[in-house]
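Engineer: Just dropping this structure here.
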Amino acid sequence: MSFLPLRSRSRSGAPHWVYIILYHIFTIPKIYSLPLLSGSHVLNSRDVADSGHSVGDEASVTTYYIISIILVLLGGVFAGLTLGLMGQDEVYLKVISTSGSNSEKKLAKRVLDLISRGKHWVLVTLLLSNVITNETLPIVLDRCLGGGWQAVVSSTILIVIFGEIIPQSVCVKYGLQVGAFFCPFVLVLMYLMYPVAYPIATLLDYMLGEDHGTMYKKSGLKTLVTLHRTMGVERLTKDEVTIISAVLDLKAKRVEEIMTPIENVFTMSADTILDDKTVEKIFNSGFSRIPIFLPNEPNNFIGMLLVRVLISYDPDDCLPISHFPLATLPETSPNTSCLNILNYFQEGKAHMCVVSKEPGSSHGAIGVLTLEDVIEELIGEEIVDESDVFVDMHQHIMRQQPGPLSKRHITSYLHHLYTSSHKEHKAADQADESSPLLSPSNSNHPSEHPQQDLNNKSWKQKSNDGYDRSNAVLSPTPQVTEHGTIIPSNLASNPLNVNKSFVTIKKPANVPKIITTHTPHSSKEPSPAPHSNDKSLSAEEQQLLSDHAELSRQAVLHTQRSGQPTQVTTSTKTTRNSPDSISIPNSGANHGNENQNVTISTSYQNTKNGIVESVITVKGVPKTIIGPAKDWDESKSEYGNENINQENSNRSDDRESSSSNASLFSSIKNKFKNENANNNDRSNFTDSLSRTSNYDANGSSSTIKR
């Protein structure tokens, strides 16, 4: 046997077997590092460990199982709360907290208190907690199931079923209850994760903005109300849906759309004699308010006749309509909102108005609007009372069945009621009797002193009609003032109190303060000349306008600073009639020789209910004009909240009021000239021009009477 190869040497001098041994030493770790051999080696090592301890430490395995179950439940809670709390609309929660049941109010207040701390803060806290839980679960299951694909599959199944599907399905239906129950737990987590969650939530608020819930437009609200008719537990009826939808459209709807055209309106002239035929015609018309116009001017309305005034009138007296007190008949433009006109009707001043293209002029009337028209628009149906002849005035649909009292006998019935009541009062106690409106002996010639023809006795009563008349002095006929003007016993400016809690009467505004300046006439100065047809104002009248403009500017500043209504009046002499009374001009009266006076009156009042009321007297006829206020519903801030910016606003108001007064009195001069030029058209009536307007802090108004 030859040992030559073993003894052979390399060029370096080292034997070959040395290299072979070193090669095997360095390649052994690479072979055993393969996955198959490595796994079998680990498995063999565990078998060796299991052979000494059988199944292993059962206590630690049980602990891992319990931790896994807790993590699965926490993941489900976080996933459900994310949907339950974030899915709650803040507006819906506010509605439930005020109008829900007692239990719903408590739950909604808990959730609102949590969300009010920051909706993004709650969201980041829940998402961060859910991620931590889901990432920890596979690690714990690896200790229980031995790792590998078993832990991955098990954690996935548990998270999907018990951490997502079941919790979110429950919270979709019971999100409010579940969210309110876990509110304390979520609040603790929010503060535990404050260092991480709050900065992220602040960044989201800055980038995305805060979410305060879903707000609907009017069209969306109408759709929502309509859906409540067919869906939900408490379904709305058809009438409820109609009324709610009509209310939402009331502000955008114009009075021109619901008015009665002027050609379909029952009107009468002021010189109409109320005989048997005319009274029967009035009662057969079925109207309780009749617009009255000047003779030969069918579009120049001076007021409205309340039919109830004729309840004690004897048609044999044959008195003209101008003899009776007429209620104020305001005028408004066709573009006035129905909501604004409804607010005006609620003030108790009038329940009828004239729709005119040129409010305040002697022409331009296109229709009439009543409170009943607005209410009919609200309910979407026609209202037919006992005395109505037409079911629908616009379509001329007459009612098929008459009212409770036949129209054919109503005149004779009222006449019989009047005469029988008169006889009973004569036979009754003298303390309780009341005389008729006019003495029968003077029926054809009315007394020159109507107050002497009325009984001065009055009584106090409390009837079952809902009105408290204990503090009101009433009379069976309209009262007569010291100026001879007949006014109703229950004035709209001072309505009676109502005992019923469900009835509300809006009281008129307080009487404004008066700032009056007079221009005295000495004995040397000539009295004001009678009215002429000059087309220019005299120097004295222009000076009055200039002085009044300065006083008006000061009054505007006073009203803006104090918030109190103010009135400025400048006159050349004291007027005989009360400014609040309305005198109806009588035909045939000669006013050409009477001394004329000039009265300029400006009133400043806070605008209410979105309307500005003005009074214009054209050719002796006072007209009330109703117009919408500018941005009235966006400017309701109290005076006390504007103290900081008051100084700056007063400076700007000085400039604005000066310019507004200049333009205002310029227009008054022009209109005054135009009226003077056209006075020959009606020489038998009092020639006058008057303008009074109510303004808030945004403007002013003026009155001129000539």
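Including glycine, each Cβ sits where the backbone N, Cα and C put it.
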Engineer: Test of record reading: of SER447, SER523, SER652, which one does Swiss-Prot tag as phosphoserine?
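Structural biologist: Of the listed residues, Swiss-Prot records phosphoserine for SER447.
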Engineer: Looking at SER603, SER693, SER700, which is the one Swiss-Prot tags with phosphoserine?
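Structural biologist: Among SER603, SER693, SER700, the residue Swiss-Prot annotates as phosphoserine is SER603.
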Engineer: Report which of SER439, SER578 appears in Swiss-Prot with the annotation phosphoserine.
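Structural biologist: Checking Swiss-Prot against SER439, SER578, the phosphoserine entry points to SER439.
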Engineer: Candidates are TYR467, TYR604; I want to know which one Swiss-Prot annotates as phosphotyrosine.
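Structural biologist: Record lookup, Swiss-Prot, feature phosphotyrosine, residue TYR604.
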Engineer: From THR98, THR272, THR607, name the one Swiss-Prot lists as phosphothreonine.
Structural biologist: THR607
Engineer: Can you check which of SER552, SER614, SER667 Swiss-Prot annotates as phosphoserine?
Structural biologist: SER614
Engineer: Is LEU145 annotated in Swiss-Prot on the same side of the membrane as LEU227?
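Structural biologist: That holds: Swiss-Prot puts them on one side.
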Engineer: Can you tell me which parts of the same chain pack against the topological domain 'Vacuolar' (167-177), counting only residues 6+ beyond its ends and a CB-CB cutoff under 8 A?
Structural biologist: 76-77, 79-81, 83-85, 87-88, 96, 104, 107-108, 111
